[in-house]
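**Student:** Can you keep this structure in mind? I'll have questions shortly.
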Amino acid sequence: MPKNSKTVKRETDDDEVTESVKDLLSNENNCEDSFKKSSLMVGDVLQNKDRDVEEGSEEEEEEEERPAWSSKLQYILAQVGFSVGLGNVWRFPYLCQKNGGGAYLVPYLILLVVIGIPLFFLELAVGQRIRRGSIGVWNYISPRLGGIGFASCLVCFFVALYYNVIIGWSLFYFSQSFQQPLPWHECPLVKNKTNTYVEPECEKSSATTYYWYRVALDISDSISESGGLNWRMTLCLLAAWTMVCLAMMKGIQSSGKINTFSDVCGYFNIFLQLEIMLEPKVWREAATQVFFALGLGFGGVIAFSSYNKRDNNCHFDAVLVSFINFFTSVLATLVVFAVLGFKANIMNAKCVEMNTKKIIDFLGKEINPSLIPHHINFSYVSPEDYQQMTNIIRGVMENDYPRLGLDSCDIKEELNKAVQGTGLAFIAFTEAMTHFPASPFWSIMFFLMLVNLGLGSMFGTIQGILTPIVDTFKIRKEYLTVGCCVLAFSIGLIFVQRSGNYFVAMFDDYSATLPLLIVVLLENIAVAWVYGTDKFFEDLKDMLGFTPYRYYYYMWKFITPVLLLGLLAASIVQLGLSPPSYSAWIQQLAQEQSLSYPPWGLAVCISLVLTAVLPVPVVFILRYLNIIHENAGGLSTVSYKKGCIIEDTACRTREEDEDDTSLLNAKKQSEAPLSKPANYCKQNGSASGADVMFNGSCSTGYIMPNITDNPESNL
C-alpha cells in the first residue's frame, strides 16, 4: 500500500487522535524522515485503538534510509575518479610546458593548499553533515542562496553535454585501433583514370591531422555550416550515453564499482606509457587548473560525500584526494613529455631526411660542394650534422639562403609546439603511437585510458545532477536517470554535426569557467559569512570528533574569498580583452584559422554564462520578496521535539491548509530551543502543563513535554 495511506495513532491524556500521514505530511518532503521511526499502521483509519509511538533519532533514520558506500575505498576511488579526468592528461602537461616546466609546480602547489584543499574540505563537510545534494545543502544553509544548488546542476548538465562527446570520440578511436597498420599511419591515396596521388589535404598537413579532421570529424569550414550529422560520431555518442545511463541507474553502488575499475585501469595505463613565477598569468592559470581539477562547484563532491556516515573523517579524505590528484597530474605529465619527446625526435629525423635530399639536389647548382664538411656521409645525416651544414651554408649564402627553402629542423622548436586538449590526444599522441612497436596495442591502451578517465568524471558530474533532484523532488532515480540521459543525448546531437567540434569548444570556454567561479565564491561566502565560520567549526567538531586546524578558519573567512574574487576579476578581464573566437579547420588550406563567432554565436556564448548563474539571483529575489517563503520546505526551518500528537479544535479553512508548506511554523533549528514559535500555546488539561505546538494543519499539533532540550549543532 502506498506510504500516504498509512495512519498514525498517538496517545494523549485526554483524547485519542488518528491522523492520516498524507494529511500530516502534506507538502513536507524534507520533514518526512523524522517520522519514519514512528509506529505506523497500514490500512483504514481505526477508531478507539491506542498505540504507543516509538520515537527515533533523526540521524539514525538518515543512516538507515539513505544509500551508503559499501566501503571507504570505494568512496575514495569515486572521488578520485571524479577529480582525475581528461584535464590531468591533456591540460596540466600543457600548462607545465607553457609556463616554465618545474617552475609551474610551485604556484600550483601553493594554490592547491590555499584554495583547493580548503574548498574541497568545505564541500565534503557540508555534504556529509547535511546528507543532501547541492540543492538541499545550500537551501539548508541559507534559503536566499538556494539558487547556488540549481546553478551547480545547470553547470553539470552543460558540461555533461559536451564531455560525453569527447568520450564518444575516444570510443571511435578505440574501435579503430584494432588493425595493423593503424588507419592514421599514412596519408590515403586518391586514384583516378590516369594516375594515383596523395590526398592534397593530407599532404599539406599530416596523416594524423587529416584523419582527425576529415575522417573522424568530417569537419566543416565554420560554425555556421552545420553539414548534417556525422553518423559515426552519433553512434559513438549514443554508446557513451548508454554506458553512463546503465552505470548510474542503480545509484552509487554500481557507479562506485565501475569507478574502481576505471581508476585502476587508468593508472595502469599511465604507468605503461624561477623568474617565470613572477608573471600573474602563471598564477591565474595555476589557480584555474586547481579549481577545475578537484571538481569544485559541480555538486559531484557534495553528492558523493552525502552518502557517507556523519562521523567519517572528511578532512583526511580532502587532503588525500587532493594530493592523489596532484601526483596523478605530475605522473601524467612525465608520460606525456616522454611521448612528446619521442614524437619530436621522430619528426626532427624526418625533417632532416627531407631537407638533406634538398641539399643533395642543390649541390653543384645553388650550393658549392666545398661547403659540405668532409666527415658528413649523405647516406645518414644526424641532426647535429644537418645543423652544422645549414650553419655553414647560411653564413656563406647569407642573402640567398631563404631562397633555398631549407627548414631549421631544430628539435627545440618541435618540443616548444605546445598542444593541449583534443590536439594532444587525437593528433600528437596518435602520431607518436604510429612509431611505437606494436602500435595497435598502445593505441588500444591509450584510448581505453581516455574512456575510463572520462567515464569517472562523467559519473561524478551526473551524480551532481541526479542526487539534488532526487533529494528535493523525490523522483524515482531510475526514471530520472533515463530521462536525463535521453534529454542530454538529444541535445548532444548538436555536437556530432560536422560543425560539432566548434560547439564543443564554445561550451568548454563559456558554460563552466565563470559560472563555476561564481558558484564556489558564493559557497564560501554562504558558509563563512552567512552561516558563520564559528558555527561551522562547532559542527565539524561534533561530526569529526576533533576541531580542525585553525588554518581553515582563516582560509575560509578571509584568504580564499579574496583569492576567488581576484581570480574571477582576472577571468572577466581576460574575456574582455580577447573577443570570443574559435579555431576553424579550413579544408582548402589544410590548416586552422581563428574566426570570430557570428552574431548568433555571440548570443549563445553570453546565454550560456547567464543561464548558468541565473538561478542565484532569481531564487534570492523570490525569497527576498517572499514570493517563495523562506520557511517553505527548507530543512533549516524545521525543529523537532519529542512529544505526542494532539487534536487542534481550531481548524483553519481549506484554502489556508493548501497554502501551508511547512510542517511546523517554527523558528530555525538554531533558535528553536531559545524561543517559542508564534503558534505555540498551552493545552488545557494536558499533563503537567505540557506545551502544545500546532503544525498549521487542521486537527494536528504536538504535546511538548517539559524536558531539557539538548540542541544539536545549527547545521
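Each residue, glycine too, has its Cβ placed from N, Cα and C.
Dumping what TrEMBL says about this protein:
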REGION    1-23  region 'Disordered'
REGION    46-67  region 'Disordered'
COMPBIAS  55-65  compositional bias 'Acidic residues'
TRANSMEM  75-93  transmembrane segment
BINDING   G81, V84, N88, N325, L453, S457  Na(+) binding site
TRANSMEM  105-126  transmembrane segment
TRANSMEM  147-174  transmembrane segment
TRANSMEM  290-307  transmembrane segment
TRANSMEM  319-340  transmembrane segment
TRANSMEM  441-467  transmembrane segment
TRANSMEM  479-498  transmembrane segment
TRANSMEM  510-531  transmembrane segment
TRANSMEM  551-577  transmembrane segment
TRANSMEM  597-622  transmembrane segment
**Student:** Top stretch among 105-126, 147-174, 290-307, 597-622 for CB pairs under 8 A with the transmembrane segment (551-577)?
**Tutor:** 105-126
**Student:** Validating a neighbour-count step here. Other CB atoms within 10 A of the CB of L453 (Na(+) binding site): how many?
**Tutor:** 28
**Student:** Which residues of the same chain, at least 6 past either end of the transmembrane segment (105-126), have a Cβ under 8 Å from a Cβ in it?
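**Tutor:** For the transmembrane segment (105-126), the far contacts come to 96, 137, 141, 274, 277, 282-283, 286-287, 289-291, 293-294, 296, 301-302, 305, 314-315, 317-319, 321-322, 326, 330, 520, 523-524, 527, 536, 539-540, 543, 548, 552, 555-556, 559-560, 563-564, 715.
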**Student:** Other Cβ atoms within 10 Å is the metric here; tell me which of the binding-site residues G81, N325 scores highest.
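**Tutor:** The most densely surrounded of these binding-site residues is G81.
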**Student:** Can you tell me which of 290-307, 479-498, 510-531 gets the most C-beta pairs within less than 8 Å of the transmembrane segment (147-174)?
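**Tutor:** So the stretch in question is 510-531.
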**Student:** May I ask which of the stretches 290-307, 441-467, 479-498 has the most CB pairs under 8 A with the transmembrane segment (510-531)?
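**Tutor:** Stretch with maximum Cβ contacts: 290-307.
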**Student:** List, by number or range, the same-chain residues at least 6 past the transmembrane segment (290-307) whose CB is under 8 A from its CB atoms?
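**Tutor:** For the transmembrane segment (290-307), the far contacts come to 66-69, 75, 78-79, 82-83, 87-88, 92, 108, 111-112, 115-116, 119-120, 123-128, 130-134, 137, 149, 152-153, 155-156, 159, 252, 314, 317, 321-322, 325, 329, 457, 460-461, 463-468, 471, 512, 516-517, 519-520, 523, 567.
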**Student:** Give me the count of other Cβ atoms within 10 A of the Cβ belonging to S457 (Na(+) binding site).
**Tutor:** 27
